[in-house]
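To keep things clear, I will list the structure first and then write my remarks on it.
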Amino acid sequence: MKLSGFVSILVLFGLLARVQGPSLADLLFPRRCPRFREECEHQERDLCTRDRDCPKKEKCCVFNCGKKCLNPQQDICSLPKDSGYCMAYFRRWWFNKENSTCQVFIYGGCQGNNNNFQSQSICQNACEKKSSLT
């Protein structure tokens, strides 16, 4: 196939993605789960086993020492600190985007969001390196 034919197909896909909305674009160019090395203090309970266990735009990803539903388009490190609704007492780390550092907080054990890491090093691996690139 000539280069002009290839470029024409790419332009067509781009136009279709705008007309059909994000679902066609997601099928053609699927998003991936975040990848980084993590040294877990303990394995967390899996909250999903496959993508269809998750809400529509989320994928079942190995993340932060367990499987969790994540939206690959969402910047986890920009989420606010969220202790959750339960009354347990877990020392965790969250990434504070305002000062680009990982900070300790107390997690209640349920709900909350994915800006919630077992250790400072996992938080730094997931967020600080990415923050320094932007």
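Cβ atoms are placed via backbone N, Cα and C, with glycine included.
Here Swiss-Prot flags Cys33-Cys61 (among others) as disulfide bond, drawing on similarity to another entry. A sphere of 10 angstroms centred on the C-beta of Cys33 (disulfide bond) encloses 14 other C-beta atoms.
The annotation disulfide bond is assigned in Swiss-Prot to Cys40-Cys65 (among others) on the grounds of similarity to another entry. Cβ neighbour count for Cys40 (disulfide bond): 12 (other Cβ atoms within 10 Å of its Cβ, all protein chains included).
Marked as disulfide bond by Swiss-Prot on the basis of similarity to another entry: Cys48-Cys60 (among others). Neighbour list (Cys48 (disulfide bond), Cβ cut-off 8 Å, at least 6 residues apart, same chain): Cys54, Cys60, Lys67, Lys68, Cys69.
Per Swiss-Prot, disulfide bond is recorded for Cys54-Cys69 (among others). The Cβ neighbour count for Cys54 (disulfide bond), using a 10 Å radius and every protein chain shown, is 19.
The disulfide bond annotation in Swiss-Prot covers Cys77-Cys127 (among others). Under the three-state DSSP scheme, Cys77 (disulfide bond) falls in the helix class.
What Swiss-Prot records for Cys86-Cys110 (among others) is disulfide bond. Of all the Cβ atoms in the protein chains shown, 13 others lie within 10 Å of the Cβ of Cys86 (disulfide bond). In this structure, Cys86 (disulfide bond) belongs to neither helix nor strand by DSSP; it is coil.
Classification of Cys102 (disulfide bond) by DSSP places it within a strand. The Cβ of Cys102 (disulfide bond) has Trp93, Trp94, Phe95, Asn96, Phe117, Gln120, Cys123, Gln124, Cys127, Glu128 as same-chain neighbours under 8 Å, each 6 or more residues away in sequence. Residues or ranges marked as disulfide bond by Swiss-Prot: Cys102-Cys123 (among others).
If you look up Swiss-Prot, you'll see 26-73 marked as domain 'WAP'.
Annotation source Swiss-Prot lists domain 'BPTI/Kunitz inhibitor' at 77-127.
The average pLDDT the prediction assigns to the region 'Interaction with SEMG1' (102-133) is 88. Feature annotation from Swiss-Prot assigns region 'Interaction with SEMG1' to 102-133.
For 117-133, the entry in Swiss-Prot reads region 'Interaction with LTF', with the evidence type similarity to another entry.
Sequence annotations record features per position, and here Swiss-Prot assigns signal peptide to 1-21 based on sequence analysis.
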Collapsed DSSP category at Cys123 (disulfide bond):
helix
Identify, in sequence order, the residues in the chain of Cys110 (disulfide bond) that are 6 or more apart from it along the sequence and have a CB within less than 8 Å of its CB; answer 'none' if there are none.
Gly84, Tyr85, Cys86, Ala88
Integer Cα-Cα distance in angstrom, Cys65 (disulfide bond) to Cys33 (disulfide bond):
14
Those residues of the chain, 6+ apart, with a Cβ under 8 Å from that of Cys61 (disulfide bond):
Cys33, Pro34, Lys67, Lys68, Cys69, Leu70, Pro72
